[in-house]
Amino acid sequence: FLPLNLFEQFQRIANAYFLFLLILQLIPQISSLPWFTTVVPLVLVLAVSGVKDAIDDFNRHKSDNHVNNRPVQVLINGMLKDEKWMNIQVGDIIKLENNNFVTADLLLLSSSEPHSLVYIETAELDGETNLKVKQALTVTAELGEDLQKLTDFNGEVKCEAPNNKLDNFTGTLALRGEKYALDNEKMLLRGCTIRNTEWCFGLVIYAGPDTKLMQNSGRTTFKRTSIDRLMNVLVLMIFAFLALMCLILAIGNGIWESDKGYNFQVYLPWAEDVTSAPLSAFLMFWSYVIILNTVVPISLYVSVEIIRLGNSFYIDWDRKMYYPLNDTPAQARTTTLNEELGQIKYIFSDKTGTLTQNIMCFNKCSINGKSYGMLPINTEKVDFSYNQLADPKFAFYDHSLVEAVKLNDVPTHRFFRLLSLCHTVMPEEKKEGNLVYQAQSPDEGALVTAARNFGFVFRARTPETITVVEMGETKIYKLLAILDFNNVRKRMSVIVRSPEGDLTLYCKGADTILYELLHSSCESLKEETTEHLNEFAGEGLRTLVVAYKNLDEEYFQDWIKRHHEASTALEGREDKLSEIYEEIEKDLMLLGATAIEDKLQDGVPQTIETLAKASIKIWVLTGDKQETAMNIGYSCNLLYDDMADVFVIEGSTSEDVLNELRKKMKPDSFLDSDEINIQIEKSSKNPKLLPDEQANGVYGLVINGHSLAYALEGNLELELVRTACMCKVVICCRVTPLQKAQVVELVKKYKKAVTLAIGDGANDVSMIKTAHIGVGISGQEGMQAVLSSDFSFAQFRYLQRLLLVHGRWSYIRMCKFLKYFFYKNFAFTLVHFWYGFFSGFSAQTVYDQWFITLYNLAYTSLPVLGMSLFDQDVDDRWSLLFPQLYVPGQENLYFNKTVFIKCMLQGIYSSLILFFIPYGAMYNTMRSDGKAIADYQSFALMAQTCLLIVVSVQIGLDTSYWTVVNQFFIWGSLSVYFAITFTMYSDGMYLILPASFPFVGTARNTLSQPNVWLAIFLSIALCVLPVVGFRFLKALLRPTASDKVRRNFKAKKRPPPPSPKRRLRRTSTRRSGYAFSHQHGFGALIMSGRNMRPKSPFVYPSKDFGLSILPCALSGFSSSPKAVSCSWGKRSRGSKTSIQYP
């Protein structure tokens, strides 16, 4: 660690420079200062930085060990043995159990489920919480869990080389002389979680960094702040300025030595080996390099590290960012990026688990023209205790709906009967009465749970029947057909026969689709329902329309025959089935609509609104589908109907995407006369930063992953970034983890802006690593994002406090620190420069060597650290109340090259005052007792005293927020200076070490004179009064936002109560937000019975058909995601299978 760390540290220009200075100081002919003046600060800097890096490295090592040492069962020599994740290698056969993380990319061999099906959750890969089904090859499914058969498994897998395509896999399995095709449906990818499957066996195809998830994760890069990059430029400028000063003084020395010094050699002899004035000038150049090196003090870097560390602790200790529900505090995982948090311009956010909780809640509904759920605040929850099978977690507040159910209202009963029958949910009942629903999508689970609580309990299903407990009475419906969902139909239907023999079709789907299928008699009800739908959509709820149709027996028998023919057709099966479905789904009778809330995390809309006021643009990058993402956009106030337009980019070719990007936002961008086009044409191959363009309104942009793939190619990326950056909000749907990183990289490439990426799953790791700042949310999707992040916390709402409070304070403190530090060191160092003109350019120092050593280490270090750790222009409440205060940081107004030059000029002015006032005061001056005081030592003491008091007054002027610590540091530093000065200049120290303490008696002789203190006061006044006057006039004539808020603060003393949040209402937009799976539904799987087997010992007697029902259940479709980590290596053990990549 030590050699590598030192190598890294000496790559810093400043550290290498100070090492070079140390070497110069060891040369007697050049050195004008003792070696310890450089060695002590350099060792201190290297030690502090080394310790901090060691702590960071140790913490990363600990986190890696935690992940890599997770156990997994591996088949070795016919036995299952626990092995660490990091030892899993290609060719291993491993066993996974329910809720296990998938360790590597596996070829599924067999499972506990019928037909070797496995249910997986892919939230960490694509952000979706609905389950997906994978199925093993029949030839490997026969292996079951027979360890001997699995050990004897002798096959050869040939597959594509490791790549980042999550939705594609191509390979073959050669077994017993036969070849079998392998595709993505046979693969379990790392990042998935096994759900509702007791066990499964898989063959490792890709491991560690070769897995598709890790291929999408991107590389870890060393992140540096914009201030760090600016400081490197400024240090180079200072070096050039230092070289210029040394050159001027060296030339002066050459002229002086040739003109006067040559004749003075008897009195001032030249050093040994110095034979000419040019050689003297050459040596003096390097002597002045040593003397004037304090213009770039090494203590600057120590102080910067301490400030960043202190501001990181503030984030860790902030109780307002602590989440008590899962005991998660905020954490600054890196200590080098704090001030960058105060400059964020673009936020790239994941959706699932970051903005949302992954919890669907049945919120409101419309039944037969009556709306339920519109209730005032503080209403008591409905008591469902009368229903023994009710879900205790379900909450509803409109008691009138329960009364309608109890009064046997026919439309209400029909409404909930539909919800209990029309779905593909599977029940699980491990204990009698303790029902757990496993849904393909969380919306379906919410609707079936609502029906359950209102007395229509879906209890069991077989391939032919559905068992429902209706108001305490068990009824068995014959399931005759499932008309499954797909992306085109946007609806699903079931046809059932009731115990009374009635044939009914129940249908639910998107309102825009179902409204076209309604019977003409439903017009008035349709208008009332539409009004309710608009109200639901206006609150950001996900709406769904439900309808039914009574079927004629004769017609149905004819239809079911044609349905069978279509379902067995060899050609055009999908089209024929679609026609058959549309034929029967006509003249539906409207029942009403449901409204489901996709529960956002607490405070998400308010946080987004606050961040928008701070001129921060938010882009949502999600693997979820377009409809769901847009609904969340409306729910959390990202999108709203007052926008001029929301553009949807759906082109399937490069030309289509180009036309959509240009024509929808700015048609003029086609023209050669467009300013940006002219700039792009003039630019070289290297990308140039694009200026901000203003749109003629507020726009939103939605683009899907397929179109985004084209937009990220070639010249289209310029069009994408131009169009997207003109929009207030951008939502990218169906994007892969790698595309997320590419979008972030695109903005970094073409915009002069600081970016932040926030997410909670492994699919967010790549963009978290790519952005300037990565934030991980320790949520439902595990810790993978947190382990890759720079900062982490538990809730999205804490982001506003991280940026607007901690980020802004850190940025302001760092800027104040740098301005003051450069000022005080220019003022300190340039006094030497002026003194050179009065000392024959002899490289004699103005100050005592101990003062030079202690100036930055002891006398001025603590006051500036106190300001940099405790200062705040306004407190946290005002920072959040006035987000506009954040804007100067985005524009980098508080510290830039212009500000640096101003500090430099102020330092030069102060150095002139600090040299010439003491010089004039000492020139030919007598003490009150008639003795001379105009000696070098008295002048040096007076100059350094003036300097220290002036910089102390300056730090007082720069401090906005006074604490006891600030007062103690400033007054304490001055006290320490005088105490050390009187001690070192005492007779006793001189007697002990006469060579080291030559200024004997100077302090008591000089500082006892009234004219000396008068000169000190004059120096302070001349240095400080211009600064005070300038700041007063600036605050009066051109006040900043901070000045205005501080005036408000002084007038009111406390912030006003926050204004009530307006509720965004949309009266004309109706959106269906029902989150069907983006794949085909599981209807065919359920009707086939392939996924069912007896799992419950409970038998429910039924009088309707005179039989007992043994319920069949699938273990489910939903659960909370977790994180996985990597393993690596390639070898074969436990089986004779070989893996070949091309």
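Cβ coordinates come from backbone N, Cα and C, glycine included.
The annotation domain 'P-type ATPase N-terminal' is assigned in TrEMBL to 1-39. The transmembrane segment annotation in TrEMBL covers 12-27, 33-51, 233-256, 276-302, 820-838, 850-870, 899-919, 939-957, 969-992, 1012-1033. The ATP binding site feature in TrEMBL is assigned to D350, K351, T352, E444, F485, K508, R542, T622, G623, D624, R734, K740, N763, D764. Residues or ranges marked as Mg(2+) binding site in TrEMBL: D350, T352, D760, D764. The annotation active site, 4-aspartylphosphate intermediate is assigned in TrEMBL to D350. Look at TrEMBL and you will find 786-1040 tagged as domain 'P-type ATPase C-terminal'. Per TrEMBL, region 'Disordered' is recorded for 1047-1072, 1119-1142. According to TrEMBL, the feature compositional bias 'Basic residues' maps to 1047-1069.
Closest to D760 (Mg(2+) binding site) by Cα-Cα distance, out of the binding-site residues D350, F485, G623, is D350. Within 10 Å of the Cα of D764 (Mg(2+) binding site), the following binding-site residues from the list D350, F485, R542, R734 place their own Cα: D350. Within the chain carrying the transmembrane segment (899-919), a Cβ under 8 angstroms from the stretch's Cβ atoms is held by residues 234, 237, 241, 815, 818-819, 822-831, 833-835, 838, 846, 939, 942-943, 946-947, 950, 1015, 1018-1019, 1022-1023, 1026-1027, all 6 or more beyond its ends.
Two recorded stretches are said to be in contact when at least 3 C-beta pairs lie under 8 angstroms, sequence spacing 6 or more; the transmembrane segment (233-256) and the transmembrane segment (1012-1033) fall short of this definition. Segment contact holds for the transmembrane segment (1012-1033) and the transmembrane segment (939-957), given three or more CB pairs below 8 angstroms at sequence separation of 6 or more.
Neighbour density for N763 (ATP binding site): within 10 A of its CB lie 32 other CB atoms from the protein chains shown. Within the model, the domain 'P-type ATPase N-terminal' (1-39) shows a mean pLDDT value of 72, rounded to a whole number.
Comparing the binding-site residues D350, D760, D764 by how many other C-beta atoms lie within 10 angstroms of each C-beta, the top residue is D764. Here the binding-site residues are R542, R734, and the one whose Cβ sees the fewest other Cβ atoms within 10 Å is R734. Within the chain, the transmembrane segment (820-838) has long-range Cβ neighbours (under 8 A, six or more residues past its boundaries) at 234, 245, 249, 252, 288, 291-292, 294-297, 300, 303, 844-847, 855-856, 860, 864, 867, 900, 903-904, 906-908, 910-912, 914-916, 919, 943, 947, 950-951, 954-955, 958. For the ATP site, whose annotated binding residues are D350, K351, T352, E444, F485, K508, R542, T622, G623, D624, R734, K740, N763, D764, the maximal Cα to Cα separation is 34 Å.
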